[in-house]
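**Student:** Below you'll find the structure I mean.
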Amino acid sequence: MVRAQRTKRASVTDIYKGCKASGTCPPDVLNKVEQNTLADKILKYGSVGVFFGGLGIGTGKGTGGATGYVPLRPGVRVGGTPTVVRPAVIPEIIGPTELIPVDSIAPIDPEAPSIVSLTDSGAAADLFPSEAETIAEVHPTPVDIGIDTPIVAGGRDAILEVVDTNPPTRFSVTRTQYDNPSFQIISESTPITGEASLADHVFVFEGSGGQHVGAVTEEIELDTYPSRYSFEIEEATPPRRTSTPIERISQEFRNLRRALYNRRLTEQVQVKNPLFLTTPSKLVRFQFDNPVFDEEVTQIFERDVAEVEEPPDRDFLDIDRLGRPLLTESTEGRIRLSRLGQRASIQTRSGTRVGSRVHFYTDLSTINTEEPIELELLGEHSGDASVIEEPLQSTVIDMNLDDVEAIQDTIDTADDYNSADLLLDNAIEEFNNSQLVFGTSDRSSSAYSIPRFESPRETIVYVQDIEGNQVIYPGPTERPTIIFPLPSAPAVVIHTLDKSFDYYLHPSLRKKRRKRKYL
């Protein structure tokens, strides 16, 4: 049994936050938070006229009084100068690095006069813009253009770089391709009659001749690659236990298994009802089907503990909470679906429900591995087409039935044939299960069913052969009825001699009398 956990009571501040907005706070909570109690009022009104500052009255430990405080001594320790942190790399100077002194190019003579006289330039400067004189110089085209020839001294050969006077023009070619995922061309096809959806058609004519273009080709042995429809059947491999193992997930699964399979704290119940896989709520209580509700979540069932309610399944008695499904692996290697439930068997006065934890589980059956079979290609694809022209399917013969020549036949027949004899159809038509309709299209018609008449079965007459063969006619056969003997004595022995008792008590059930010894 799981030990009940004690619920912590809410503090005064939490109660005040929840009830202040609705105005339902108790008076003691409201006065304590707003500092309006009797003690707060005494301190508030009493501090107006009375001052207790020098008496050392306080809630903490105080030395108190005029002689209790120690005066400050004159010696005060002065801290040292803080250390300046210097950068390890010398920063670069921002701005111009070279400083040019004033008049460093043309120094002033110290004996020169300090007053500089103005010099008249003669003509006044024209401050307005004017047209500038432009001289066009045309150079004649040289007749002979000299070519620079590099001269190499020594015993080496000269390498001349010849440059074309008219270099070729360079072009940039780009190509853009748009893929259409809804259109797919299959290069291989099977002879299936249908509509051709390819845009490329190749016509090969026989006897038209040919021409070989290019040099003599080299014969290369080609290999046969498998088509897109060929496949290989893989051999059956043992089923894999896990995919990518992760240490953290493995640790969480170990903790989960430790919580589910702890027999001291958790009750183990195996469920065989198939509703546990889809709708486990139907095993806890009787209810209607709700197609919108999702069963793959944690479900809480509110009920009164005082009321006795019998669940559909006895194993789910007093279930208050049923967890979400968990998929684990059993010891036999099968998939196990588990749900952790909580019973509410006892309810205290404070509203706390006490109950044990229950682990409901069911094991899924093993799926046997079937032998793989080779599948055949079915259906039509783009490119599988045989186009048939309609004029080639039928033949039209135009003739007059009245002008028919004489037909030669081996049997002696009449030489005169008319159109009615040629159109005569000797086929036997059947009108079984047909309807005969009387009336016109203007009014409602009446339908009459023609019954199907069948000829009776022919009577078979057996004639006895006199040449020695014997005909055996079927006849009724009577088998003797076997009567099994009944037991003469009944299986239960009933004593009817003694009529003083209405029941029979076995001697072993009678009380033994204690024998007393007489002195």
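For all residues, glycine too, the Cβ spot is worked out from N, Cα and C.
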**Student:** Which residue range, 1-10, 371-380, 401-410, is the one Swiss-Prot calls motif 'Nuclear localization signal'?
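**Tutor:** Among 1-10, 371-380, 401-410, the range Swiss-Prot annotates as motif 'Nuclear localization signal' is 1-10.
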**Student:** Would you please say which range out of 207-214, 223-230, 327-334, 511-518 has the annotation motif 'Nuclear localization signal' in Swiss-Prot?
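**Tutor:** That would be 511-518, per the motif 'Nuclear localization signal' entry in Swiss-Prot.
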**Student:** Which residues does Cys19 (disulfide bond) neighbour through Cβ under 8 Å, counting only same-chain ones at least six apart?
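**Tutor:** Sequence-distant Cβ neighbours: Cys25, Pro26, Val29.
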**Student:** What count of other C-beta atoms do you get within 10 angstroms of the C-beta of Cys25 (disulfide bond), across all chains shown?
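**Tutor:** Here the count is 19.
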**Student:** For the motif 'Nuclear localization signal' (1-10), give the DSSP counts of helix residues, strand residues and coil residues.
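**Tutor:** Computed counts for the motif 'Nuclear localization signal' (1-10) are 0 helix, 0 strand, 10 coil.
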**Student:** Report, as numbers and ranges, every residue of the chain located at least six residues beyond the motif 'Nuclear localization signal' (1-10) whose Cβ falls under 8 Å of a Cβ in that stretch; write 'none' if there are none.
**Tutor:** 265, 348, 350, 352, 354-357
**Student:** Any idea what DSSP makes of Cys19 (disulfide bond), helix, strand or coil?
**Tutor:** helix
